[in-house]
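Heads up: the structure comes next, in structure tokens.
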Amino acid sequence: MVFFNLLEAAFLGLIEGLTEFIPVSSTGHLLLIGHFLGFESTGKTFEVLIQLGAILAILSVYSAKLARIATDFPRDARTRRFVLGVLVAFLPAAVIGALAHGFIKGVLFETPMLVCIMLIVGGFILLWVDQLNLRPRYHNVMDYPLPICLAIGFIQCLAMIPGVSRSGSTIVGSLLLGADKRSAAEFSFFLAMPTMAGAFAYDLFKSRNILSFNDGALIVVGFIMAFISGVFVVRHLLDYVSRHGFALFGWWRLIVGSAGMAALIIWG
């Protein structure tokens with residue numbers, strides 16, 4: 001039993017790390033896996049801490065860039081504007097997420113069919129956007145104007161619906177607002193840092209009375225898998241989307257969403 005629990009923890013950590021930064025909805029995948037496979041033994045502490053593994057993955061890959069930003073911040077106006085832009089983009093999710101946290105977790109997260117619908121809708125949107133003949137105006141995340149950042153931030157709030165995808169909403173929003181594919185994915189990475197850290201801190205605070213570290217081995221295994229797989233995705237995603245776009249992720253969403261919907265209709 002312990003061995004299978006460790007496999008479960010490794011699998012869930014792997015899914016979290018692989019899907020957190022690509023536009024397929026990590027939350028949607030984890031909810032469907034939990035519903036169909038009954039993976040519930042890991043508990044709230046596990047859920048919170050594998051998110052931390054994904055957060056540390058992106059921070060480790062971007063550590064050199066973050067250090068350079070911190071060094072340039074006092075003397076470079078462009079760097080200060082970029083940091084302000086990321087914070088501006090983060091604000092809508094911070095405010096709306098805090099206000100609607102109970103509804104999101106208590107209602108939306110209990111609806112597997114909604115997850116499947118959102119996966120399918122998001123898949124069609126990704127395929128549509130990937131085929132558009134867009135003429136990007138912004139090729140560097142440092143050059144995003146503040147109004148564009150704010151608009152991306154509001155679009156990110158759609159990801160509070162499970163199955164939408166935080167990275168998917170920000171990437172599609174960035175593309176439609178004039179960014180090229182590489183910078184759209186990279187801005188999604190930067191925006192993930194405060195958004196995921198804020199969500200992690202808020203979940204940790206809300207769950208402080210029920211957290212338990214009794215299953216320490218499961219938590220460690222899930223955390224490590226989320227970290228390793230997250231590092232892999234962050235290191236390779238920008239080059240991939242620059243060459244191939246987002247069609248693969250669109251098709252993946254359609255397959256998973258359709259299969260999940262069929263399974264719900266047949267087995268419930």
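Our numbering is plain: 1 for the first residue shown, then up by one each step along the chain.
Cβ coordinates come from backbone N, Cα and C, glycine included.
Over in Swiss-Prot, the protein carries these features:
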type	residues	note
TRANSMEM	11-33	transmembrane segment
TRANSMEM	46-66	transmembrane segment
TRANSMEM	84-104	transmembrane segment
TRANSMEM	107-127	transmembrane segment
TRANSMEM	144-164	transmembrane segment
TRANSMEM	185-205	transmembrane segment
TRANSMEM	213-233	transmembrane segment
TRANSMEM	246-266	transmembrane segment
* To do: Might you confirm whether the transmembrane segment (46-66) is in contact with the transmembrane segment (185-205), defined here as three or more C-beta pairs under 8 A between residues 6 or more apart in sequence?
  => yes
* Taking the transmembrane segment (11-33) as the first stretch and the transmembrane segment (84-104) as the second, find out whether 3 or more Cβ pairs fall under 8 Å, excluding pairs closer than 6 in sequence. => no
* **Distant-in-sequence neighbours of the transmembrane segment (144-164), which means Cβ under 8 A and at least six residues beyond its ends** => 25, 27-28, 31, 81-82, 84-86, 88-93, 96-97, 100, 104, 108-109, 111, 114-119, 122, 138, 170, 172-174, 177-179, 183, 187, 191, 195, 257
* **Cβ contacts under 8 Å made by the transmembrane segment (107-127) with residues that lie 6+ beyond its boundaries** => 23-25, 27-28, 31-32, 35, 160-165, 168, 172, 246-247, 249-254, 256-258, 260-261, 264
* Structure fact -> Near the transmembrane segment (46-66) in space but 6 or more residues beyond its ends, with Cβ under 8 Å, are 9, 12-13, 16-17, 20-21, 26, 189-190, 192-193, 196-197, 199-200, 203-204, 207, 211, 215, 218-219, 222-231, 233-235
